[in-house]
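Asker: The structure is given below, and queries will be raised subsequently.
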């Protein structure tokens, strides 16, 4: 099994164990509160930094079978298949799993809705951060107009998210593709503004994760959803 598929399965297991120990409320994307979830997250960090096979906690892990022997569980093959057809399968699984429950059918439309919810949450977190920075008196003056640009970008994404959900309710694929495409353009605005000003973005990591979620929702919405 390739390294990407190995990481996908690990991420899936992380989310699965986190979900089973939680309430129905959505979890943060980086939630790892339980001991089992924490251990899996540690494995994932190692995998991102090391080639396969790799050693973890004194054990050499060469395949997903080795992981299952330590932490047995099942990963929904339908979710793996859907996310495996996106450009960022790891982030697809990690982002959508907290918004899926036992009654949710694992199909492109439900994964798209979960992706939009994840996008909405990530955007609100980024919006809160740039708003705080824009009001901080220690923030460099030349960064404030860029942060305002970012605020506009994130508000545009939130607006498109709502329009995307409306398009889904109305079974309007044309409008859905327009809104998801607009988000793909919007999400680049903040980081590009910092690059043009030759400044380091203070929310670079948040933007990178958001861009991957946006890309995945566009792929699922345009290529996989059919009304």
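Here the Cβ of each residue, glycine as well, is placed from N, Cα and C on the backbone.
Below are the features I grabbed from TrEMBL:
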- 74-220: domain 'Pectinesterase inhibitor' (DOMAIN)
- 1-22: signal peptide (SIGNAL)
Asker: With helix taken as DSSP H, G or I, strand as E or B and everything else coil, how many residues of the domain 'Pectinesterase inhibitor' (74-220) land in each class?
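Answerer: Taking the domain 'Pectinesterase inhibitor' (74-220) as a whole: 117 helix, 0 strand, 30 coil.
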Asker: Roughly where does the domain 'Pectinesterase inhibitor' (74-220) sit in mean pLDDT, to the nearest integer?
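Answerer: Looking only at the domain 'Pectinesterase inhibitor' (74-220), pLDDT averages out to 94.
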